[in-house]
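K.L.:
Got these off TrEMBL a minute ago, pasting:
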type: DOMAIN; residues: 318-531; note: domain 'Histidine kinase'
type: TRANSMEM; residues: 30-50; note: transmembrane segment
type: TRANSMEM; residues: 56-78; note: transmembrane segment
type: TRANSMEM; residues: 90-109; note: transmembrane segment
type: TRANSMEM; residues: 129-149; note: transmembrane segment
type: TRANSMEM; residues: 169-192; note: transmembrane segment
type: TRANSMEM; residues: 204-223; note: transmembrane segment
type: TRANSMEM; residues: 235-255; note: transmembrane segment
type: TRANSMEM; residues: 267-289; note: transmembrane segment
Amino acid sequence: MLQGRLVHEPTSASPDFLSTLPAGPRERRLARAVVGVSLLFFLLAVPFAKVPLPKVWAFIPIYQASLVINDLITVVLLLGQYAMLRTRSLLVLACAYLFTGAIAVLHGLTFPGLFAPDGLLGAGKQSTAWLYMFWHGGFPFFIIAYVLLKDREREGRQLDEAVYRSIAFGALATLGLVAACGMLATLGKAFFPDLLVAGRYTPAMHAVITAVWLLSLVALAALWFRRPHALLDEWLIVVMYAWLFDIGLSAVFNAGRFDLGFYAGRAYGLLAASFVLMVLLLENGMLYARLLGMHAREQKNLAELRAANQELESFSYSVSHDLRSPLRAVDGYACMLERRVADRFDAEERRLLGVIRGNAKQMGTLIDDLLAFSRLGRQQLSTQSVALNTLVAPLVAQLQSECHGRNVEFVVGELGCALADPGLLRQVLANLLGNAVKFTRQVESARIEVGCRTLAGGTAVYHVSDNGAGFDMRFADKLFRVFERLHDGADYEGSGIGLSIVQRIVQRHGGRIWAESEPGGGATFYFTLAP
């Protein structure tokens, strides 16, 4: 039962991210506009795709380096969101961009004529072309996997628990896949047909690139028909359009390397690598601006709260002084009457005089408790290792001396040590023990127990129990509220603030307090402290 009460339920609310925010009409219009402009330039470039242009060798490393940088930054941003949301679809998407960035490095290193006549890494003249096919055919597979995982998460969201282990596994698996593609294109080049001969495409090239293009269309369709679209989904649709335009100009409608289609297609490839990065960076900028605004509002509210607390403190001391003066006068005059003229009063008049003094004393106690309660929020904790048994022993001795003519048994177990403010912790124990003594007043043989139990996780749960009046658990939510009382004040005196003070002290120590009881069956108060 104790363990069940110490379980913290996880919060289900998640912050809004690019991958979770639904795409609104404005975002959809913007995405469609970008696709429309891209399509227009694609259609304008198609008739001239085979026009030969000068061989600018520096274009290749600049283009490849830009792709790699964009992709790696996108990977980091996506993994950041994955670490917070823990949805596997985001991990797969991050791996997709890691795949494109890593294979772009191999593509550049094996490009014939750039670093070596046939490329580096033991490449042949066909290695770069086949790496292009693996590259542009592999990315759509990741997108399809992303869509399938999104559908599963929508049906029943499953979170990854071992986030960093999943990231490491995903990264290693992706890099292993890239390495396998590299070995197939270089060491296994003899097993693949030629795609380019004398810089021109072969029939095998047309067949392979058509399959790659169709696979990209399937990925686009999967994204398109998966509804509703998140903001990230909208921009992935834009990415897949640019991906198709890249393949179309670079390998379908052009004639070979270094023609207009070759250059224009790679421009689309760079755009495809940049769209998600741009919106992620914009999102980060907006979130940072929102965070600054929230921080400014928090600082303003904090300043206002401090000013209000200062005013409240001044008001409390002023009111306490104004209240104490007449109370002291009332109590003083009542005391004077008792000493000087009590013999002239009958029994009822003496009883009423005692009521006056008792109420004045109770009001003074109430004022003291209210001031103590208000100071707790500002009081600095002076924490140290405290042996709880050394705190309980004098409290028990004092209470035993006050229980004249009562049969009260105190049972104190081994309580161990805790990191706490000794003065405040003593106040907690004094209040709980005092309540136990008070609410066992009508019991012939009272038993009050103080103990400690350590749970499996190492949390120490302290308890103070009695066999007294108890209370109805239906009203347990009122137990720690200021001025809330579950018993008649005529039977059990008190200000109604003591348990509120106890709760605040326990919370200041990073713990919590709760109670279990039944009417006439006693009560047990449990509390924990931060380890």
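Glycine is no exception: its Cβ is also placed from the backbone N, Cα and C atoms.
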K.L.:
Which sequence-distant residues neighbour the transmembrane segment (204-223)? Criterion: at least 6 residues beyond either end, Cβ under 8 Å.
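P.N.:
Same-chain residues near the transmembrane segment (204-223) but 6 or more away: 129, 133, 136-137, 139-141, 143-144, 147-148, 193-196, 233, 236-237, 240-241, 243-244, 247-248, 251-252.
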K.L.:
Hey, which bits of the same chain come close to the transmembrane segment (267-289), Cβ under 8 Å, at least six residues off its ends?
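P.N.:
Same-chain residues near the transmembrane segment (267-289) but 6 or more away: 17-18, 34, 38, 42, 63, 66-67, 70-71, 73-74, 77-78, 97, 100, 231-232, 235-236, 238-240, 242-243, 245-246, 249-250.
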K.L.:
With a cut-off of 8 Å between Cβ atoms, can you find at least three pairs linking the transmembrane segment (235-255) to the transmembrane segment (129-149)? Only pairs 6 or more residues apart in sequence count.
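P.N.:
These two stretches do touch.
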K.L.:
Counting CB pairs under 8 Å, which listed stretch among 30-50, 56-78, 129-149 touches the transmembrane segment (90-109) the most?
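P.N.:
Top-ranked stretch among 30-50, 56-78, 129-149: 56-78.
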K.L.:
Quickly jot the same-chain residues contacting the transmembrane segment (129-149) by Cβ under 8 Å, restricted to those at least six beyond its ends, or write none.
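P.N.:
Non-local partners: 87-89, 92-93, 95-96, 99-100, 103-104, 106-107, 110, 177, 181-182, 184-185, 189, 192, 195-196, 205, 208-209, 211-212, 215-216, 218-219, 222-223, 226, 236, 240, 243, 246-247, 250-251.
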